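What Swiss-Prot lists as active site, proton donor/acceptor is TYR104. Per Swiss-Prot, 2,3-didehydroalanine (Ser) is recorded for SER199. According to Swiss-Prot, the feature (E)-cinnamate binding site maps to ASN256, GLN344, ARG350, ASN380, LYS452, GLU480, ASN483.
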Amino acid sequence: MAGVAQNGHQEMDFCMKVDPLNWEMAADSLKGSHLDEVKKMVAEFRKPVVKLGGETLTVAQVAAIAAKDNVKTVKVELSEGARAGVKASSDWVMDSMGKGTDSYGVTTGFGATSHRRTKNGGALQKELIRFLNAGVFGNGTESCHTLPQSGTRAAMLVRINTLLQGYSGIRFEILEAITKLLNHNVTPCLPLRGTITASGDLVPLSYIAGLLTGRPNSKAVGPNGETLNAEEAFRVAGVNGGFFELQPKEGLALVNGTAVGSGLASMVLFDANVLAVFSEVLSAIFAEVMNGKPEFTDHLTHKLKHHPGQIEAAAIMEHILDGSSYVKAAQKLHETDPLQKPKQDRYALRTSPQWLGPQIEVIRSATKMIEREINSVNDNPLIDVSRNKALHGGNFQGTPIGVSMDNARLALASIGKLMFGQFSELVNDYYNNGLPSNLTAGRNPSLDYGFKGSEIAMASYCSELQFLANPVTNHVQSAEQHNQDVNSLDLISARKTAEAVDILKLMSSTYLVALCQAIDLRHLEENLRNAVKNTVSQVAKRTLTMGTNGELHPSRFCEKDLLRVVDREYVFAYADDACSANYPLMQKLRQVLVDHALQNGENEKNANSSIFQKILAFEDELKAVLPKEVESARAALESGNPAIANRIKECRSYPLYRFVRGELGAELLTGEKVRSPGEECDKVFTAMCNGQIIDSLLECLKEWNGAPLPIC
């Protein structure tokens, strides 16, 4: 700040020699980790007061005011320090009008008809609001053609913030009235469509102005969802003194800005940033349940690629996997039996940091662009009191919003594509390293198809998300008698990005439920394998150790190889009928005995030392006891008394599992139960939409110091 002019307007030193083009400021805003930024956003979202001064509004604060659950707890306060500047610009307009100064929108017509002139400034503003009330609502205050109340609240907040900077020629009292509407949860009804954001969001913002001026067609929604006319809205909000008679320039100040698009964009980007972190953690959990090889997160790999988003994504996944009980078990398996799975994991796992990194960078960049926009002055003309002039320009052009929303939507679609790729591997027993097909957890796979329907739903979600990735901003139509021949379409793009966020939430919630299912299946797998191993060992000792006369039998040496078969064989390949001759367990156990018999040489000719003679006894004994032991192990787990505890409790990803299973009560799904996958996914989706899942997500990363593990 350089000082204060005589008329009270703050005089900005915009021609500073340091960073005159704002590139340094833009770069500085990206310092630090994305995760720290998300944590800061969450903290700001939860603060009880949003203080507006015109220059420090954040997307998190906009999202907080917009959120339905926050309307009674988060309030807006205006900076009293801004009053003088706002008054100075308003006074300047009235003075210039009195002096006969010719100013756009004050003494002239609008747009392509700005050649017209009038001295009746108040009537001109009244007509501006009337002809811009061109929206169509259909029936009801929340019809499909009405902007959601959250979007309207966001727009109101952003518009107040812009006008507080004192370049727009509007009275402070009008800003106070809009603030009262926000704080008393009285929301004007705005049309969903009808803006191209070339001269600002003219049509929707005119309905806020219509309510303030008491237009008979204006409507609002009250604190309890009731429909209010303008008079009732003022009474409920405690706005005294009657409706506003707009002075010259005030109508233009209210409508000629980008607040609707940038407000919705702020809401969208708050969610998008959280979803980006969520996708990183889900990718790490995917690596855990797939017995993945953690070297894909090694810092050297990503440091050599240079991209910060990729480096951070890898470091976050590395942190989750570091010390993971699943990773330790998988590493032991890979060391002792390196041929049991491919040398490298598939791309959806192995290249997830490379895939997610650019999307995080795009979302972060879009967030900064929108934060600059919501703190900008974006109407026309701008009142420069210090130089005693009105500047005619084009800050109402919402291109930063349209472009950032197109980019963010493409990033969200890419995140969804990765999620679908991971989900498809997870439910496919050809790829998932021993998990059952469709993640079925029931006793009879012929009557349990697990997540088959969910995979179909995921394909649907992903297809729609990929369609939404198509850009909006290349569909510009010349408008308003070719005066607005280029326009940003920012609200359309923001709306489509809001749809994309909603679909990615559907995908994320479905995927998380599937990952929790996989975690429980790994737990079941471990307990069943333990039961089978113990049973095979005991049966081998009883039937293979001694001969008929009590002598040691050559078949006693088979036990180690029999147990190796149990270790190597996928449990769910035989779990529904462990002793079936058609399943690989019994086939391979028999093959071990046959191989030992073939190596037994001349001893096979002696009935007392023949291993072949022992095969039938071993199999009969095993068939008699193994099914009972398998069922007993399953029943013990279902009753909460498993022989082996769930590994997830020893992992940094545990908070998300605990949230789903504990707080939400979403259970392991089987065909034996009535509950459907959609019911459980709905619980997670609702929690995600309400922000309930954020704390558990961040708890997974609470120990991360913001840096990758050292290269050693």
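Heads up, the Cβ atoms here are built off N, Cα and C, so glycines get one too.
On a predicted model such as this, the values are computed, not experimentally measured, just so you know.
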Lowest local Cβ density among SER199, ASN256, GLN344, ASN380, which the record lists as recorded positions, within 10 Å:
GLN344
Protein Cβ atoms within 10 Å of the residue listed as 'active site, proton donor/acceptor', excluding its own:
16
Cβ atoms near ARG350 ((E)-cinnamate binding site) (within 10 Å, other residues, all chains):
17
Reduced to three states, what secondary structure does DSSP give ASN380 ((E)-cinnamate binding site)?
coil
Tell me, by DSSP, whether TYR104 (active site, proton donor/acceptor) is helix, strand or coil?
coil
Work through the recorded positions one by one (SER199, ASN256, ASN380, LYS452) and name whichever has its CA nearest to the CA of TYR104 (active site, proton donor/acceptor).
ASN380
Of the binding-site residues listed as GLN344, ARG350, ASN380, LYS452, the one whose CA lies nearest the CA of the residue listed as '2,3-didehydroalanine (Ser)':
ASN380
